[in-house]
Amino acid sequence: MIDWMGFIVVLVAALTGTVLVVGFYALGLKMLVRAGRVPVVIPAAFTDAITVLTPAEIKSAAKKAAKAARKNPLTPMQKRVALIAAYCCFTVCGLAILFGIYLIVPALHGG
Amino acid sequence: MPVDITLIIVLVIALALFFDFTNGFHDTANAMATPIATGALKPKVAVGLAAILNLVGAFLSTEVAKTISGGIIKEGDEGVLITPELIFAGLIGAIVWNMVTWLLGLPSSSSHALFGGLIGAALVGFGIGAIDFGVLMSKVILPAVLAPLTAGLIAFVATKLAYGVTRRYDGKPDGRSGFRYGQVFSSSLVALAHGTNDAQKTMGVITLALISVGLLAPDSGPPFWVVVVCAVAIALGTYMGGWRIIKTLGTGLTDVKPAQGFAAETSTAATILASSHLGFALSTTQVASGSVIGSGIGRRGSTVRWKTAGRIAIGWLFTLPAAGAVGALAALVAHLGPWGVILDAVVGIGTIVFIFLWSRRDTVGHHNVVSEVAASGEAVVIAPEIEPKKVAK
């Protein structure tokens, strides 16, 4: 017997979870950028998939980020709010990860 | 205990552990291909992390299945009697197919390979009546179609969302490289979930084999040593890293960027967790592959190499029959008695060694999974991506 209802439930649940996590993480990054703290995360290793960065390019990316931060039109208060909002978003993602661990470990949900 | 039963039990345990090992290195890619591809983690660090999480995961969940095939083979009083020979032949089929797909760099489901091997062995021993085709359809074939579609759709939506939210029209830094941190967490979740699910399968196989010869009481759980060796085998396999498959999934299907990688891994994690808790089982490998393709469609300007995707799909199509054919052949030979089993083991090991030696002709390892193209890339000027500008209305 094909459990179509079960499939729909899985689809909806997975979609909701993913959209929540990705959405909040992206929003967190956006807020971080707003607050003038542009994350520049240098790849740990280079692959085909990465447009190769030279040390000079990495430097210029960091410089550009700093410049954008300096030119930030927000007042310090607004920046602080944006930063707090960013951390709130990341907290939501962190909670989602914890919920994932809760689901994975049977001892936690008694399954 | 007669010598031939001791022999076959030892062989089954050894093969089951080797299957666990291949399962580990086959599935490293599901969790770690995209973080490796985007440079979120160094290749060695990524497989090390995945190995530890698989080891931990294996100890977390040890509630093993009561049936070896999840109902595909009619087991129990009225159906097929699960003998060590049947498990043995099934494992040979599964291992050989896992090795072949690894050689070809194809992500394919290890559990489907195991099902295939067992089905083949059961067909030889007990005929077509041994197989419950309804269960086969609803538990293997249909999910194999739905898993990549579901995960692909979710990853597509997530990728669109990730890019949409962080998009800037003024050309200033968008902070998207920050998705690399997120990738570490989302892929770790996938690795942990894998450890709890897949090590358990091997524990189940060994436990059922021990029960079938009366070394364990019926309905007993796995002894502690079984849990330990299974956990170690899957972790070792994961640490070896199926670099060929990582390469296919990480760079072969589409060029993965951090935002995409995060969306894909989150989609994989969410889909697997939802499917294992809401009762519609989907294969991790198929979910992960679908996610990567979905995220490739979702990012503007990225291309999906449909030829590679097609090869993977063909691999899935063949998993059940191919592993089944090998399993059936092994079962035929095993019916000759102890010498048949020994012949099986020798030929099986020979095949594995042959495939391994064949693979040495062009090794793919942590040193070149990140390709030579990137190393020479500093000399190549690559045009910066052009972000869309908002059109004034």
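Glycine is treated like the rest: Cβ placed from N, Cα and C.
Here's what TrEMBL has on this protein:
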- B:7-25: transmembrane segment (TRANSMEM)
- B:45-65: transmembrane segment (TRANSMEM)
- B:86-106: transmembrane segment (TRANSMEM)
- B:112-133: transmembrane segment (TRANSMEM)
- B:140-158: transmembrane segment (TRANSMEM)
- B:202-218: transmembrane segment (TRANSMEM)
- B:224-243: transmembrane segment (TRANSMEM)
- B:309-333: transmembrane segment (TRANSMEM)
- B:339-358: transmembrane segment (TRANSMEM)
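Long-range contacts of the transmembrane segment (B:202-218) within its own chain (CB-CB distance under 8 A, at least 6 residues past either end) are made by residues 1, 5, 9, 12-13, 16-17, 19-20, 23, 62, 64-65, 68, 82-84, 87, 91, 114, 226-227, 230, 233-234. Listed stretches B:7-25, B:45-65, B:86-106, B:112-133, B:339-358 were compared with the transmembrane segment (B:309-333); the greatest number of C-beta pairs under 8 angstroms is found for B:112-133. Among the recorded stretches B:140-158, B:224-243, B:339-358, the one sharing the largest number of Cβ pairs closer than 8 Å with the transmembrane segment (B:86-106) is B:339-358. Residues 72, 109, 112, 115, 263-264, 266-268, 270-271, 280-283, 286-295, 297-298, 316, 320 of the same chain lie 6 or more positions beyond the ends of the transmembrane segment (B:140-158) yet place their CB under 8 Å from a CB of it.
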